[in-house]
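Data first, discussion second: the structure below is written as structure tokens.
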Amino acid sequence: MCSITSILGLIGRNVNYSYSPFIHNTAAEMLRLPFYYTIFNIADARQIPDALNGMRALGIAGLNVTIPYKQVVTEYVDTLSAEAQAVGAVNTIVNNNGRLSGCNTDIAGVSHPLKPYKERLHQSPAGIFGNGGAALAAVEALRRDYHPSAIRLFVRDPDKGLALAEQVHAKHPEAPIEIFKIDAYDAIRDCHLLINATPIGTKGVQTAGNSALLPQEQKLLHDGQIIFDMVYNPLRTPFVNMAAEAGAVVIPGVEMLIAQAAESFCLWTGETMPVDSIREKILKKLTAQP
């Protein structure tokens, strides 16, 4: 292992569970790069300005940002990438000699795993469960890269769905966003792509259920669909299992995890992450856990 000269890290609240240190430190070791990635837990949003000033003062090379700080950090970096501006959120910060660039690699995290299915998605309806930041990243990836005939948001609170749509339409009035209640079964069944952009199904997280769809709603899934669950732990969520049983193409959340990490890694190091090797190692790690 080479001598460590640069620090990378993750800022968030109660994020000791994160697999990001494993991914980035494994990649750095494989490529013999002098980077070490660690976790910085921040208890309160009011500490973000001090944290980023500390990043400048200490020469921390780069940071990932996770919930609940992806929006607030946009106010304290020096520049925002086009992607970060599009979704109003930063998940990656690059320190360029004290000048902090805020970027968003979540959009690439959604887009990259869908590349093999581009023709299937073009001018076909796509659906997203959720109305938060992850859903917004999914909307932007679909709008920018895949041009579906409709982007349907399936939400429990239509007002929140409308707020997200208004945010997108402020910059892209042509975006084909449609708002549906969570029980709009015909609209769900008609989607060629369904993305779970909620934390439902995450190991150890208390939510209203453990799947984006209830067991009795499995009949809505079929072999003409692509099912993408952003949740990566557990590897096989109830939603993924339902989709596999229905014969759908399944994209597990680990693919988004790796894709967004690879994009961040390249921004910090200028190097290409060995994603196939990383995928093999993280799948082994996720499979081995109790």
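Using N, Cα and C of the backbone, Cβ positions are placed for all residues, glycine too.
Swiss-Prot names GLY130, ASN131, GLY132, GLY133, ALA134, MET230 for binding NADP(+). Of GLY102, GLY109, GLY253, the residue it gives for the same site is GLY253. Shikimate is bound by SER18, TYR19, SER20, THR66, ASP106, TYR232 in Swiss-Prot, and the record lists one more residue there from ASN41, ASN53, ASN91, which is ASN91. A Cα-Cα distance of 11 Å separates ASP106 (shikimate binding site) from LYS70 (active site, proton acceptor). Of all the binding-site residues listed here (GLY130, GLY132), the one with the fewest other CB atoms within 10 A of its own CB is GLY132.
As a whole number, the greatest separation of Cα atoms within the shikimate-binding residue list SER18, TYR19, SER20, THR66, ASN91, ASP106, TYR232 is 17 Å. Considering only the recorded positions TYR19, SER20, LYS70, ASN91, TYR232, GLY132 (NADP(+) binding site) has LYS70 as its nearest partner by CA-CA distance.
The number of other CB atoms found within 10 A of the CB of TYR232 (shikimate binding site), across every protein chain shown, is 20. If you take the Cα of ALA134 (NADP(+) binding site) and the Cα of SER20 (shikimate binding site), they are about 17 angstrom apart, rounded to a whole number.
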